[in-house]
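A.B. asks: Structure in structure tokens, see below.
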Amino acid sequence: MAAEIQPKPLTRKPILLQRMEGSQEVVNMAVIVPKEEGVISVSEDRTVRVWLKRDSGQYWPSVYHAMPSPCSCMSFNPETRRLSIGLDNGTISEFILSEDYNKMTPVKNYQAHQSRVTMILFVLELEWVLSTGQDKQFAWHCSESGQRLGGYRTSAVASGLQFDVETRHVFIGDHSGQVTILKLEQENCTLVTTFRGHTGGVTALCWDPVQRVLFSGSSDHSVIMWDIGGRKGTAIELQGHNDRVQALSYAQHTRQLISCGGDGGIVVWNMDVERQETPEWLDSDSCQKCDQPFFWNFKQMWDSKKIGLRQHHCRKCGKAVCGKCSSKRSSIPLMGFEFEVRVCDSCHEAITDEERAPTATFHDSKHNIVHVHFDATRGWLLTSGTDKVIKLWDMTPVVS
């Protein structure tokens, strides 16, 4: 008798469309060319490549250009086809790409920094080129003349850069874990405020100008959502990676955040839910549930003739508790904890199954990601990894 084969339930996951190989070193940055089946990449091997899809279905370089120094970052403007490339020697080189993307014409070079350029943004509306470098300098230049308009010294090397055109606010994330907000004028800037919420360095920034929300990723494995538009100082933490968060991208039309990490994980977060701030951790000399003293509370230990215990914290209420009163674990997705974390026994009983429902999906890119670019129109995601490979994914099964 033949056994009936039950079809497997369909799991929604990204579809790998293409792999692009050939770089001798890591591809530090790459972008999907809008309205074209093409990709522009810059690599540590000093090459700039424009990959176009051939009749065979494979992507091959139509432009292969060697730079005088390793390429650390880039910014591409599709309307003007202007390509700004940051180099390891501190130079920014600008090119114009031909309409068919088969030719790259040099426009100008300028010495923007004393050492490696870490981030570049080209702002078409103001004709500015914003950049940060390992010299701890943020600078902005006129893209027409190449003239330096102004600068600001950051507290540490910057690794994240975003700009809001409407308010002329620039957001700079650095290795100290700080996010600095500056207001830019034509030739000067003023410090607006600084945010500090990460225990590690900021590795990526993403700005949503519609909701006026800033996302920051960090080497502490977390993402923080800073609600600037709400004007209440709300900061929501998202915990979904096992390694440093390397890149962030936001899909405005579906209100989903894509975070990618050194663990190879692609996490898609539903930001269209009412999320809650994580509570401040409370300090206490004894367990706030059973009143047992903690190990540094010698007086209570002596008076009660009890051995001091180690202090823990409930992730839901923030109370200081002992191990016995916090023996349970639970995920709390609305607080950003997609993995199970320590909670006190009373909070564990109070958390409902609905509150445990996941608000993120997890996918494996099978390479340690260093950079991503999301094309919202087609729903394509580009990932670049430490394996020197560029991968192109169709994200429509999970970003919709």
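Heads up, the Cβ atoms here are built off N, Cα and C, so glycines get one too.
Straight out of Swiss-Prot:
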type: BINDING; residues: Cys287, Cys290, Cys322, Cys325; note: Zn(2+) 1 binding site
type: BINDING; residues: Cys314, Cys317, Cys344, Cys347; note: Zn(2+) 2 binding site
type: REPEAT; residues: 22-61; note: repeat 'WD 1'
type: REPEAT; residues: 66-105; note: repeat 'WD 2'
type: REPEAT; residues: 112-150; note: repeat 'WD 3'
type: REPEAT; residues: 153-192; note: repeat 'WD 4'
type: REPEAT; residues: 197-236; note: repeat 'WD 5'
type: REPEAT; residues: 240-279; note: repeat 'WD 6'
type: REPEAT; residues: 364-399; note: repeat 'WD 7'
type: ZN_FING; residues: 281-352; note: zinc finger
A.B. asks: Spatially, which candidate from the binding-site residues Cys314, Cys317, Cys344, Cys347 is nearest to Cys325 (Zn(2+) 1 binding site), comparing Cα atoms?
C.D. replies: Cys344
A.B. asks: Going along the chain, which residues at least six beyond the ends of the repeat 'WD 1' (22-61) come within the CB cut-off of under 8 Å?
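C.D. replies: Answer is 67-74, 76, 78, 83, 85, 95, 97, 101-102, 104, 370-371, 373, 375, 377-378, 380, 382, 384-386, 388-390, 392.
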A.B. asks: Far apart in sequence but close in space: which same-chain residues, 6 or more away, have a Cβ under 8 Å from Cys290 (Zn(2+) 1 binding site)?
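C.D. replies: Listed in sequence order, they are Cys322, Lys324, Cys325.
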A.B. asks: Please work out the number of neighbouring Cβ atoms within 10 Å of the Cβ of Cys314 (Zn(2+) 2 binding site), leaving out its own Cβ.
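C.D. replies: Cys314 (Zn(2+) 2 binding site): 25 neighbouring Cβ atoms within 10 Å.
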A.B. asks: Between Cys344 (Zn(2+) 2 binding site) and Cys287 (Zn(2+) 1 binding site), what C-alpha distance do you get in Å?
C.D. replies: 11
A.B. asks: By CA distance, which of the binding-site residues (Cys314, Cys317, Cys347) lies nearest to Cys287 (Zn(2+) 1 binding site)?
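C.D. replies: That would be Cys314, the closest of Cys314, Cys317, Cys347 to Cys287 (Zn(2+) 1 binding site).
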A.B. asks: Please compare the binding-site residues Cys287, Cys317, Cys322, Cys325, Cys347 by how many other CB atoms fall within 10 Å of each one's CB, and tell me which has the fewest.
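C.D. replies: If we count Cβ atoms within 10 Å for the binding-site residues Cys287, Cys317, Cys322, Cys325, Cys347, the smallest count is at Cys317.
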A.B. asks: For the recorded Zn(2+) 2 site formed by Cys314, Cys317, Cys344, Cys347, name the remaining residues of the chain with Cβ within 8 Å of the site's Cβ center, in chain order.
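C.D. replies: Apart from the listed residues, the neighbours are Arg315, Lys316, Gly318, Lys319, Val321, Ser326, Val343, Asp345, Ser346, His348.
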A.B. asks: Looking only at DSSP and grouping its letters into three states, which state does Cys347 (Zn(2+) 2 binding site) belong to?
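C.D. replies: DSSP call for Cys347 (Zn(2+) 2 binding site): helix.
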A.B. asks: Sequence-remote contacts (6 or more beyond its ends) of the repeat 'WD 4' (153-192), Cβ cut-off under 8 Å?
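C.D. replies: Long-range Cβ neighbours of the repeat 'WD 4' (153-192): 118-121, 123, 125-126, 128, 130-134, 136-138, 140, 198-207, 209, 212, 214, 216-218, 220, 226.
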A.B. asks: Taking the Cβ of Cys344 (Zn(2+) 2 binding site) as the centre, count every other Cβ atom within 10 Å, in any protein chain shown.
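C.D. replies: Taking all protein chains shown, Cys344 (Zn(2+) 2 binding site) has 26 Cβ neighbours within 10 Å.
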